[in-house]
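Taking it in order: structure first as structure tokens, then the write-up.
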Ligand SMILES: Nc1ncnc2c1ncn2[C@@H]1O[C@H](COP(=O)(O)OP(=O)(O)OP(=O)(O)O)[C@@H](O)[C@H]1O
Ligand SMILES: [Mn+2]
């Protein structure tokens, strides 16, 4: 959606703040090369979303620095009102890693899955340890060494079985490793620098294997821990897939005119000769997302996203035409109490960073009731457009005008630096065996998007919403 064309959901008038008492760059990121620092003078305050200027690239330096007057103003204002909980000077001196650790240490884990509560095998594989570690507030504990072990296992363990996954729209394989761990495999369709075509809808886009890997790391960097561990790997299509496939899958293998091994499998979208998945000549990259425990151990509940898109080229969703969806959602269970609305908003911030418009549903683990986190499965449609920021993904933020305090603080920290969301994500992704996972323009886009989320909070507060109703500690 283009903001220039559709402003129905925006408040009609944005008040201008009197900024005369403030300097513009108190909280601006540390300045490096002064030539690289770009303030955005001369641009209207508030009013127009999507108005952070496109990043300029400095390929030789890996360093992009930029500031935003509205965000500087917001941070200054918050700090002047309550220095106890908004101390950005202190925040700038603390490392991002430390901030995230403080938060993950302070979160109570709540319940674990009942099937594993008393389970103590003499020897447990990494995937079993992962399953045992799933708890009410997160899928895993970042300090759990078995998570890195699991990523290594998915990269190195021999593959012993392959099955097509029923139900999904695009081709996916269920892979079993020699330690009996399982993963959902999504094959590479495009090279990393292939961008979604401007005339393609979000619902016809191919899934991207690197987006699945990037989503796991981004979620971890943000300190959410809501995406199952996901790793990239190159497989030999003949040895690792065709040899282990059943007849139905095996018979879809063929050799292309370029002498590459290809297959298309059977599914409802893109499973035919003209959309085949081809190796080079026999090697194929893919993402491996660790399987969650089976239904009988961890039954899941599927929830429709209230901000679901229309999935139609003709229709708009309610929230695209009207601004009052949040008022209705707030009245309804499970969003009327507890953490769920803030989790939904976290999920949309996460999706905004990735540019993922395909969040039609989400799941929770039934055993944990309503006071639990959202699973962020199915992230294959992110990272399709590096120079475009899809502001409509932030609809729950600007329509509810709410954000979780810890999420706000993390984003503020990534704004004041010195760490950036791009540098943290780049560093996390570098451990993957098929890195680089994201191109540099996609990484820089993350920093630009951090500013855009913070600007939405600025606008909410500028509009007169009480700060403690916008930034909520829950
Ligand atoms: N790591 C996982 N462990 C267990 N189940 C999973 C995992 N990832 C995905 N699933 C299940 O598989 C289903 C299909 O996966 P996914 O959503 O990626 O496919 P899809 O083709 O995009 O499906 P849809 O068309 O419904 O969006 C998911 O809805 C989820 O329930
Ligand atoms: Mn999907």
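Positions of Cβ are set from backbone N, Cα and C atoms, glycine also.
TrEMBL labels come from automatic prediction, so no person has curated them.
Long-range Cβ proximity for residue 358 (active site), meaning a same-chain Cβ under 8 A and a gap of 6 or more residues, is found for 202, 203, 205, 309, 378, 380, 381. A coil conformation is recorded for residue 358 (active site) in the three-state DSSP classification, outside any helix or strand. Among the features that TrEMBL reports, active site is placed at 358.
The Cβ of residue 170 (ATP binding site) lies under 8 Å from the Cβ of 186, 206, 207, 267, 269, 270, 271, 380, each of these being in the same chain and 6 or more residues away along the sequence. The ATP binding site feature in TrEMBL is assigned to 170, 186, 207, 289, 290, 291, 292, 363, 378.
The feature Mn(2+) binding site is assigned by TrEMBL to 207, 378. Residue environment of residue 378 (ATP binding site) contains 23 other Cβ atoms, counted within 10 Å of its Cβ in all protein chains.
Among the features that TrEMBL reports, domain 'FAM20 C-terminal' is placed at 253-464.
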Listed in sequence order, the binding-site residues from 170, 290, 292, 378 whose CB sits under 6 Å from ligand 2 are 378
Let me make sure I understand the structure: which of the binding-site residues listed (207, 292) has the fewest other Cβ atoms within 10 A of its Cβ?
292
Of 170, 292, 358, 378, which recorded positions come close to ligand 1, meaning Cβ under 6 Å from one of its atoms?
170, 292, 378
According to DSSP, residue 292 (ATP binding site) sits in coil
Cβ neighbours of residue 290 (ATP binding site) where a neighbour is any other Cβ within 10 Å
25
